[in-house]
């Protein structure tokens, strides 16, 4: 493998690397980087400029320059691609081999194979995950371990892949001495090796696109799609992409995002947990935006309800899917009564989604499929609800920015945030991006809520309601000291060194003037160095 200007800075998972990093694949990666990296960087700078305007008191609003796009009723997005007509239940999860088989066999309509929030991007996870998806597409993924056989079913779920967001670098590959985009790395390897094969099998290359903040970021993805289809000689408009509306700025750009991707669009999704994280982070300079305990920030609070209603109306106006979000509950095997309560919450959440007009929902565990399917089967008789236009909905900017959130900041809520943030951060640094904790499935999005809430409460001098104690950095330190030694009892396989990284990270975060943009960006350097990258070679290291 000798492609000019391309260097691989890791020897992890050599067999997978040899299969993936062919000269053709590396040339494609280099072409994408050289064509689009400068635009990506300019868009990331634009994010910083937008944040400075928010900090100075300029409120978010719907963009004036694209008013004509929102006002024009005649344009619609592409029709559903094969396998995406009915998406009533989508299961999500990382790309390890066992998970891929179990998810594809779960009975869900689609499987979102995740290189983003539920996957820690060690090089082994990334390259082995690509091999697993390649093998699944070709029905060569069956294997045996521990005396148990894992085999793909006759009618597996339709595969959708989520690459990482535009903000993340991939430091283990450089082109012309620059780290490449994590988004383009994940997209390019999957697309290059599988797009033609997927079409042969009656489907296509389908994607979920995360973390966008502006319609110009959607335009960049569309440009990447057009370039890539031409590069491999594929018919244009074969790719389909669903965009996660999981940042506060993106909620003001929904129609524009659909417009930019319209020939490749398969809808929008309510990325609820990241959206809450973004609501806090983007309004970091706004004392009125301090939120109560995480458990009280539900889908029925005004700002979340407004976002859902606007998303459904927008998607159905443009004839694409309005996908619901993730219930974090997972089955509780050893406590039937507690399990009944948890599953009742799932059922109520899915009923809320389908009656609001969503065309499908997300689950994180195969055993939840039955509940979600029953609710959607009973309340959505056709393949989707594009006909539910929600024309009565009127959402103003003030509705999306409402800070009316009933609830309190409690001692238990602060403690749970500390526990979740530490446990997840330590697991992520150790290579695991998805952990069950207190019968909830925690990923980067939920961990990010805990991190920025702790920062927000310290920054604005909030007090716990039950004792009246002020939440200071020292208050958080005391909880960290109490919680950290017991993390190994609640999350398997945590290493002391990784817990120590998590402890120092959280203690530093609550003392910052502003919270970091993403913990994954902050901590990527640890993964890169462990994968053999010299510290000076990657932008994302601490």
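Including glycine, each Cβ sits where the backbone N, Cα and C put it.
Taken from TrEMBL, the feature domain 'Malate synthase N-terminal' applies to 15-68.
The domain 'Malate synthase TIM barrel' annotation in TrEMBL covers 158-402.
Annotated active site, proton acceptor per TrEMBL: 162, in sequence order. Sequence-distant contacts of residue 162 (active site, proton acceptor), defined as residues of its own chain at least six apart whose C-beta falls under 8 angstroms from its C-beta, comprise 92, 112, 113, 114, 115, 116, 207, 208, 209, 210.
Per-residue pLDDT, averaged across the domain 'Malate synthase C-terminal' (408-523), gives 96. Residues or ranges marked as domain 'Malate synthase C-terminal' in TrEMBL: 408-523.
Taking all protein chains in view, 25 other C-beta atoms sit within 10 angstroms of the C-beta of residue 443 (active site, proton donor). According to TrEMBL, the feature active site, proton donor maps to 443.
Taken residue by residue, the domain 'Malate synthase N-terminal' (15-68) breaks down under DSSP into 44 helix, 0 strand, 10 coil. For the domain 'Malate synthase C-terminal' (408-523), the number of residues in each DSSP class (helix H, G, I; strand E, B; coil) is 72 helix, 8 strand, 36 coil.
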